[in-house]
Amino acid sequence: MTSVIVLRGVSPLGGDPRDLVIAGGRIAAVTPPGGGEHTSVVADAADGAAGGTRRGPLIVDGAGLIALPGFVDLHTHLREPGREDAETVESGTRAAALGGYTAVFAMANTDPVADTAGVVEQVWRLGQDAGHCEVRPVGAVTKGLAGSQLAELGAMATSAAAVRMFSDDGHCVSDALLMRRALEYVKAFDGVVAQHAEEPRLTAGAQMNEGAMAACLGLPGWPAVAEEAIIARDALLAGHVDSRLHVCHVSTAGSVEIIRWAKAKGWRVTAEVTPHHLLLTEDLVASYDPVYKVNPPLRTKADTEALRAGLADGTIDCVATDHAPHAPEDKETEWAAARPGMLGLETALSVVIETMVTTGHLDWAGVADRLAAAPARIGGVTDTVLDVAQFAQVGTPATLTLLDPRAQRVIDPAGFASRSTNTPYRGRTLPGVIRATFLRGRPTVLDGKIV
Ligand SMILES: NC(=O)N[C@@H](CC(=O)O)C(=O)O
Ligand SMILES: [Zn+2]
């Protein structure tokens with residue numbers, strides 16, 4: 001594979017077209033778009049950057065494509081070890097690269113649970129071997145996700161996987177003292193505790209959002225307050241011990257208000273929203289199709305609107321997919337028995353365009369911040385720019401994705417790289433197609449296909 005690449009006529013952050021020359025894993029030159037006799041200028045720049053060895057750069061026709069920094073997903077379930085039938089590190093990171101991602105945080109609710117240095121190192125190594133994107137393992141907060149004893153946080157932080165984010169996701173750390181201790185402990189290595197905010201006593205037996213729709217469908221409700229009470233408590237704890245809290249998959253308007261309040265206090269609280277909570281609402285549950293079953297549940301239109309506004313104004317820092325693959329026997333069953341969770345990696349950008357760009361909530365620089373720079377800051381990812389203003393400048397890492405904002409596609413999981421098919425968007429036409437992804441100057445996706 002050639003080490004010099006020229007991206008011809010791409011629009012960084014949706015701005016004026018440029019030729020980007022990539023060499024040595026970084027942006028080596030940025031020039032006005034060439035073509036014709038300008039080719040040699042670009043090729044010369046590439047040669048210079050490559051140390052004078054002419055190997056013939058790989059030319060990528062980027063006309064009409066927008067270049068954004070590679071996306072960072074703070075919330076991915078890769079299912080390995082334990083449920084390799086639903087997803088593996090290899091298949092999940094392929095899905096990630098095809099979705100424009102260059103780094104994913106692999107959640108700890110595997111089997112065995114990622115609560116020791118051994119398991120997080122195993123996942124990290126599998127990610128290195130697959131090579132489709134960076135894999136950053138998330139360590140469990142409590143042993144076995146059981147919520148009673150802290151896991152070996154320090155051992156995971158100092159392991160080869162260098163864990164910085166800890167979460168019992170799938171479960172809430174509901175014990176306030178344990179949550180306080182975890183927040184205090186991770187300060188030693190600038191870690192962050194990512195909370196799945198769900199007061200379990202308020203959600204026992206819950207099957208969907210609590211409200212009129214649940215009453216109508218005869219399903220036990222999952223009230224907004226079960227999420228909001230934990231977020232408020234944890235924000236207070238994070239403020240009290242001056243540590244970093246990250247709130248997973250925020251789903252209610254009230255949660256947005258609480259996070260806005262916590263940030264105004266100056267506490268170190270960050271938050272993510274999933275694509276599905278930006279787009280989908282609880283009425284879909286009327287079909288009783290378990291593809292719409294997810295934790296936290298799909299909420300109301302008013303909630304989606306508050307989430308969009310919160311993401312637009314930065315109250316919610318970033319988008320995270322909560323990519324949750326499930327095998328057919330766990331998902332394609334009756335509603336009450338089905339596992340919660342939906343796929344996200346291969347459709348996230350499209351849903352963000354549909355809900356945030358088309359609606360005028362975010363421009364492309366805003367998308368770059370919410371999908372790449374902000375999660376990189378929260379997770380401590382260094383290959384992605386931490387400030388979108390630094391993107392596509394000479395010397396910055398060539399970790400980026402190229403997308404066609406005008407192309408539409410009909411979502412069909414048969415074409416997904418994921419091993420699972422539980423997408424709630426099957427049959428929908430959505431905008432935006434990823435054409436290429438580069439990780440430190442190396443193509444992971446070209447022409448919409450894994451390299
Ligand atoms: N979101 C879900 O509905 N499910 C996730 C767990 C989680 O993120 O809470 C899973 O692991 O399947
Ligand atoms: Zn969760």
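Note that the numbers count up from 1, one per residue, in the order the chain is shown.
Positions of Cβ are set from backbone N, Cα and C atoms, glycine also.
Going by TrEMBL, these are the annotated features:
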DOMAIN    66-253  domain 'Dihydroorotase catalytic'
BINDING   HIS75, HIS77, ASP169, ASP322  Zn(2+) 1 binding site
BINDING   ASP169, HIS196, HIS249  Zn(2+) 2 binding site
ACT_SITE  ASP322  active site
Checklist entry - What are the other residues, in sequence order, whose C-beta lies within 8 angstroms of the center of the C-beta atoms of ASP169, HIS196, HIS249 at the Zn(2+) 2 site? => result HIS75, MET107, SER167, GLY170, ALA194, GLN195, ALA197, GLU198, CYS248, ASN295, PRO296, ASP322
Next on the checklist: Centre the Cβ atoms of HIS75, HIS77, ASP169, ASP322, go out 8 Å, and tell me which other residues of that chain have a Cβ in range of the Zn(2+) 1 site.
Outcome noted: THR76, MET107, GLY170, CYS248, HIS249, ALA320, THR321, HIS323, ALA324, GLY341
Item to check | C-beta crowding around ASP322 (Zn(2+) 1 binding site), within 10 angstroms | outcome: 30
Checklist entry - If you draw a 10 Å sphere on the Cβ of ASP169 (Zn(2+) 1 binding site), how many other Cβ atoms land inside? => result 26
Item to check | Cα-to-Cα gap, HIS77 (Zn(2+) 1 binding site) vs HIS196 (Zn(2+) 2 binding site), nearest whole Å | outcome: 14
Next on the checklist: For the C-alpha pair, I'd like the distance in angstrom between HIS249 (Zn(2+) 2 binding site) and ASP169 (Zn(2+) 1 binding site), rounded off.
Outcome noted: 10
Checklist entry - Are any of HIS75, ASP169, ASP322 (the binding-site residues) within 10 Å of HIS196 (Zn(2+) 2 binding site) when you go C-alpha to C-alpha, and if so which? => result ASP169
Item to check | Average pLDDT across the domain 'Dihydroorotase catalytic' (66-253), rounded to a whole number | outcome: 98
Next on the checklist: Long-range neighbours only, meaning 6 or more apart in sequence with Cβ under 8 Å: which ones does HIS75 (Zn(2+) 1 binding site) have?
Outcome noted: PHE105, MET107, ASP169, ALA194, CYS248, HIS249, GLU272, THR274, ALA320, THR321, ASP322, HIS323
Next on the checklist: Can you go through the binding-site residues HIS75, HIS77, ASP169, HIS196 and pick out those with a C-beta less than 6 angstroms from ligand 2?
Outcome noted: ASP169, HIS196
Checklist outcome for this item: The number of other Cβ atoms within 10 Å of the Cβ of HIS77 (Zn(2+) 1 binding site), counted over all protein chains shown, is 27
